[in-house]
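Peer 1: From TrEMBL, here are the annotated features:
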- 88-266: domain '3-deoxy-D-manno-octulosonic-acid transferase N-terminal' (DOMAIN)
- Glu115: active site, proton acceptor (ACT_SITE)
- Glu185: site 'Transition state stabilizer' (SITE)
- Lys265: site 'Transition state stabilizer' (SITE)
Amino acid sequence: MGCEFWAVTNHFVLNIRWAICVRVQFRNLLPPRSRRSASHFAGRGMGVVARKGMPVYKIYRALSYVVSPLLQLHLRWRKIRGLEHPTRLPERLGRPSLTRPPGPLLWFHAVSLGEGMAAIRVIKECVKWRPDLNILLTTTTMSAFEVIINQLPTGVLHQFSPIDTPAAMDSFLDYWNPNAIMLLESELWPNLIMASSRKGILLALLNARVSMKSFKLWSSPVLFPLISLLLSKFSLIIPLSSMQAIHFQLLQAPPFIINFAGDLKYVVEYDASKEEFRSIDDLKVQLGHRKVWMASSIHRGEEEVMLGVHKVLKQVYPDLVTIIVPRYPQHGKDIAQKLQKEGQHVALRSQHQRIVPGRNIYVVDTLGELRHLYRLTPIAVIGGSFFPGLAGHNVSEAAAAGCAVLTGYHVGHFSHMLREMQRLNPLSVLQVTGKLELEEAILKFFSDGKVLEARQTASKQAFHALSSGIIANAWNVLYFHVLKQALLKETDNR
């Protein structure tokens, strides 16, 4: 553990030195008002910034208290629409549905499916090394719950996350009394963080990131002191990239709490039931030797691009099968319904419809299967990236499966993942501007087996190089900076 820890620490020091060198240049990316705010606070003590953040936090706390009744009505409305669990709504108000087991407890919080899967990878490592600890995972979205509940290690508890009101958060923390809290990505909820700090609960931010839009907002004169105050309460921040480390430094996160481990979304696991593996193998048989490509994680509007490409490819390869995996299941149902009205033969995953001769489009309207479905195709086009305003999706699962990976240019914070993969091998990810370039690329892959194989090999090699050791590094850093201290405090309090 010691050697790995010092390796991570050295990597951190090098990147922080680089971050300090580019700090002035990076500030030029900010709008003038945000730049003035950053200049105003630059070099000032953390205590000064924190004191300026307290009045803003008190306003936030008061407002969150006032709007609590409206938030409860909103939750009920979401329940009616099927966006909240039908029987577990009280959990969102901080009321538990499970009994807290005795002993130390670690709380991991993730909003949606991607963050939840990243949390599970760390949780499994925690269970491996410290099976004596109780672990609670909270998620927010129903889609995350439906998939994650079947992925949790035995004994790990799940609850829906409480809304960030004083009453809900205090009720939750008083009942569960966690020894440490691990938040995923950018979950900076003021009442959660401040209440945890008051209770002496250690905080960590894993796979930490902040979008450029949020960074500019958080750098504004009003919010900058509040964000600085919140970040000062953390014992550990593990950014998913060096650029993200710069973001957090400029937001006044204490440099000594920033440590690198790697992007948790590079870690891909293939745990599945025998039925799930059997289902994927059956699909392989149905596809036979037909030409196959997949468009995954597509957002509304992108299906027009993919179906346009499908139409061109089908003229060259009449037995082609296009697999479409929308980001949201309802979108998949809508696509299938529209195509059926147009007289096209479509197979829908949720209806267990088979890919028979004459069916050229397979629409997947289920959740949690994507990493397994990539095994069916040599070519994967990652959506959420073809229109302005979108922010891309994780390409590592497709790369891990050995697909030739393509994506658009609107990839948001996933740009760091693409840059890292392309740096290791330029053939690992191909970015295209739109329909015409996508058509040309896939036609080239289908017509030239060597080109396709080179792309597949490159993506898989880049993935393996980048994913190696991430979980071990994350566990070492987390244990040293947070868990060790939290458990010592538990022992002292006995």
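Each residue, glycine too, has its Cβ placed from N, Cα and C.
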Peer 1: So what sits near Lys265 (site 'Transition state stabilizer') in its own chain, CB-to-CB under 8 Å and at least six residues off in sequence?
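Peer 2: Set apart from Lys265 (site 'Transition state stabilizer') by at least 6 residues yet with Cβ under 8 Å, we have Gly114, Ala118, Asn207, Leu240, Asn394, Ser396, Met417.
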Peer 1: What count of other C-beta atoms do you get within 10 angstroms of the C-beta of Glu185 (site 'Transition state stabilizer'), across all chains shown?
Peer 2: 23
Peer 1: Could you list the residues of the same chain, at least six apart in sequence, whose Cβ is under 8 A from the Cβ of Glu115 (active site, proton acceptor)?
Peer 2: Ala144, Leu184, Glu185, Asn207
Peer 1: What mean pLDDT does the predicted model reach across the domain '3-deoxy-D-manno-octulosonic-acid transferase N-terminal' (88-266)?
Peer 2: 94
